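Asks: Provided herewith is a single structure, encoded as structure tokens, for subsequent inquiry.
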Amino acid sequence: MATVLSRALKLPGKKSPDLGEYDPLTQADSDESEDDLVLNLQKNGGVKNGKSPLGEAPEPDSDAEVAEAAKPHLSEVTTEGYPSEPLGGLEQKAASSLVSYVRTSVFLLTLGISMILVLLCAFLIPCPPRDLHSTWSRHLGSQGGGDLSPLELADVNGDGLRDVLLSFVMSRNGSAVGVSRPAANLVCLSGMNGSTLWSSLLPEEARDITCLELMPGSLAETICLVTGTHKMLSAFNATSGKAIWTLNPNYLSNGTLAAPVVVLPDLDEDGVRDLVVLAIGELQPDLCFLLVSGRTGNPVGRPVKYNIVGVGNLIGPQVYITTNGAVYILFGFGNIQAVALRDIFVQAQNRDSSPPSLQIEEPEWEKRRSINLSELIDVYSDGVELLQMVKAPDSNCSNLLITTRQSLVLLRGQNLTPYWALRLQGLRSQPTPGYFTDDQTLDFLLQIQDGVGMKKMMVVDGDSGSIVWSYRAPCHMKETPATSAVTSDQKSVFLFWAEGLSAASPNSDIILGTEPPSLHHLYLLHPAFPSILLDLANTTGTVTASEVGINDLWKDAFYVTRTTGPSSEGHPAALVVSKLSLRWALMEGQMAQLQESTPKIGRGELRRFLSRIKFVEAPYEI
């Protein structure tokens, strides 16, 4: 009866910490509703281990059970009178702490192993070499004469940066007694810092150095072909500098080499491209073609002679491949004539048949054969000074850029008809191709002698032949080389040498003194700022050769010059090779304002523009 009455009088309230029961007198106004209690009860999963989720013990069935429940065990009450956590809760906390410890240990161990692997990769895997040396200069001593200044760029050590190859005549004091021709030296300098990679002795002065891959495929090694001024033709391994083969001079007993070697398609079907050299007779103007194997250096047949009538500079030889695939050799004396490679091969082999690749003909070219059906094809005959191959836009063939004494002419390669002609005089140096206008057609920078100690630079539009930029500047160096480099936005920067622009007004007619000034400046012209020239560098010597190479990894270009210092009687001129990073020079160069522009160009705007320039390989070949 007492038990029933106790249950009937039980009211909801807060649980007393001492008795574990709800006390209606201490019950405050609770914020929780009855629904919240029900939800909490469902969320906690109901009664577990004999206790309700609200902490309320099951109701006893007798007064004894009530009395027993009112006596808390010592294990459930702390010294402060509050109940301690159950033993199962301590075990769960211990297990949770162990799991956290294991997870932390695994994470730290994984992080440590990853850091060790990163450090190992950083030390073991070589990073691509960075061109840290923005500029260097190498003194190669004194050269003992020589009229030619061959210079070539090629990557010989596989570091992704083109190296510098050049040849020079050594001092005559060091040549052997009884040698009629002074020996020369072939040197390869590192493009990174100018150190000597290798050097080889040459029996005579070198006329030309050409480095290329004669075998198709990505694994082909680079070969450097060196043509001498007399009878030397040798192939060198570009990596080691060792001679692979040398043409026997006896095959040129009746003449000497007249021009650099020319690379041909594979004629003897041995998987290596072959060569042709042009020799000229000692006493008569007979020209002789000799086909040479690119693999062994032995002749591919006998010499083939042609009698040429003409007066002037020797032109070529150069190889021209038409749209249909016909192969012709261009050459001449003051004129341009062509002969099919098929005809040379048939005569050299003394047979009537030729490889299928040589049997292709170009109808428009064949129409120009002489009336007597001669093997020679007349291309151009009007005082020719220079001949260049220029890639035609949107075509796989090239046009012919011809420099004469009176004009500059562009011939269409497909039918040999004039595209345009520009009449001018005084042009003695080779036109420099590049992109100046926005029509993606190659334009040309010209250097024309314009009075004593003055020269005129002009840019000719390759599509129309009109002059789109010109400037007159002092310069006493004869035939100073000009170059160009292509940027990623299909524009070109043009580089040329002149004296300080403050030496004379660009439009003045003042004639400077005949004494040449001692300082020459390297100027850069960008088509986006035609009224500004950038002064990049200067030298007191005479620049005899220059080349531009591209660093593909860093999108930079570098400018290599070959310079000879002033010579005096009994003291040969010093030879200096220098390299200049163009992106570095653009930031350090001085701005020279040619004329006022609207709006006025600030130096900050110019520097921001120049800092975004990136250089790429030229898509054309000359």
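Glycine residues also receive a Cβ, built from the backbone N, Cα and C atoms like all the rest.
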Asks: Looking at phosphoserine as annotated by Swiss-Prot, pick the matching residue from Ser33, Ser75, Ser134, Ser488.
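Replies: Checking Swiss-Prot against Ser33, Ser75, Ser134, Ser488, the phosphoserine entry points to Ser33.
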Asks: Pick from Thr26, Thr79, Thr296, Thr542: which does Swiss-Prot describe as phosphothreonine?
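Replies: According to Swiss-Prot, the phosphothreonine annotation belongs to Thr26.
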Asks: Where does Swiss-Prot put phosphoserine, among Ser30, Ser84, Ser353, Ser429?
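Replies: My reading of Swiss-Prot gives Ser30.
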